[in-house]
Amino acid sequence: MTYLQESSRPAVTVPKLQAMRDAGEKIAMLTCYDASFSALLDRAGTDVLLIGDSLGNVLQGHTTTLPVSIDDIAYHTACVARAQPRALVVADLPFGTYGTPVDAFANAVKLMRAGAQMVKLEGGEWLADTIRFLVERSVPVCAHLGLTPQSVHAFGGFKVQGKTEAGAAQLLRDARAIEDAGAQLVVLEAVPTLVAAEVTHMLKIPTIGIGAGVDCSGQVLVLHDMLGVFPGKRPRFVKDFMQGQPNIQAAVEAYVSAVKDRSFPGPEHSF
């Protein structure tokens, strides 16, 4: 059995994501952790595969993402990459692996050697020097703003960010700082729709929303959430795309289509 792809679909690259954003084409991202789903999600037209530290929740059974190690992410990145997807492969730098620019680079190298084409890390202004350090060394970077799950204890739980005037202003400063530092993509999680729209309008790089409204350049969901197989409480921003579908590939195709035609997320999935 082989998971290698026989696809004529052009590869999705970092410049391709920028071109999609500039052309107004929505970007569909999903988390992915193994070769089988890498092949399936790629066939269904997913643009970006994220090896997220969410694997700590949906695969390992932890209540937070904090226990996930760099070796965990590297292992699952290699699994995803072996299917040779045409989608862009992005891997999370987990908690405690990017405290300094040097640490961030060393751990990013591990992930890129495993098959990642971009790394994602959580934080705003304070990460600008680290992002710049990575980009100068040919590591493409996706930043993550808003509800950053690695900060769950600092936030006092999983809470919407940017609801106050001060919070929204800080989010805008963070977004500007990470773009100026060279980030090529940014995830906005659990951010009010109007604030996310303002960030998206302000930035030149693509924004990927999760609970951040329909105006972002694209959307991302945790695979297990959108398939309705994770037993925990469903976040407001999740839609079960398996409902009414004959198989998983059809469900993923429905998700990709809904992102592309802006029918997802709806107001009921936003803040």
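A Cβ is built for glycine as well, from the same backbone N, Cα and C atoms used for every other residue.
Because the structure is a prediction, the values reported are computed rather than measured.
The feature 3-methyl-2-oxobutanoate binding site is assigned by Swiss-Prot to Asp53, Ser54, Asp92, Lys120. Per Swiss-Prot, the feature Mg(2+) binding site maps to Asp53, Asp92, Glu122. Residues or ranges marked as active site, proton acceptor in Swiss-Prot: Glu189.
The 3-methyl-2-oxobutanoate site, placed at the center of the C-beta atoms of Asp53, Ser54, Asp92, Lys120, has further neighbours from the same chain whose C-beta lies within 8 angstroms: Thr31, Leu50, Ile51, Gly52, Leu55, Thr65, Val68, Ile73, Ala91, Leu93, Pro94. When the alpha carbons of Glu189 (active site, proton acceptor) and Glu122 (Mg(2+) binding site) are compared, the span between them is 11 angstrom. In three-state terms derived from DSSP, Asp92 (3-methyl-2-oxobutanoate binding site) belongs to an extended strand segment.
Under the three-state DSSP scheme, Lys120 (3-methyl-2-oxobutanoate binding site) falls in the strand class. Counting only residues at least six positions away in the same chain, the Cβ atoms of Thr31, Thr65, Pro149, Val222 sit under 8 Å from the Cβ of Ser54 (3-methyl-2-oxobutanoate binding site). It is 9 Å from the Cα atom of Glu122 (Mg(2+) binding site) to that of Asp92 (3-methyl-2-oxobutanoate binding site). The recorded positions listed here are Asp92, Glu122, Glu189; among them, Asp92 has the most other Cβ atoms within 10 Å of its own Cβ. The least crowded of the binding-site residues Asp53, Lys120, judged by other CB atoms within 10 A of its own CB, is Lys120.
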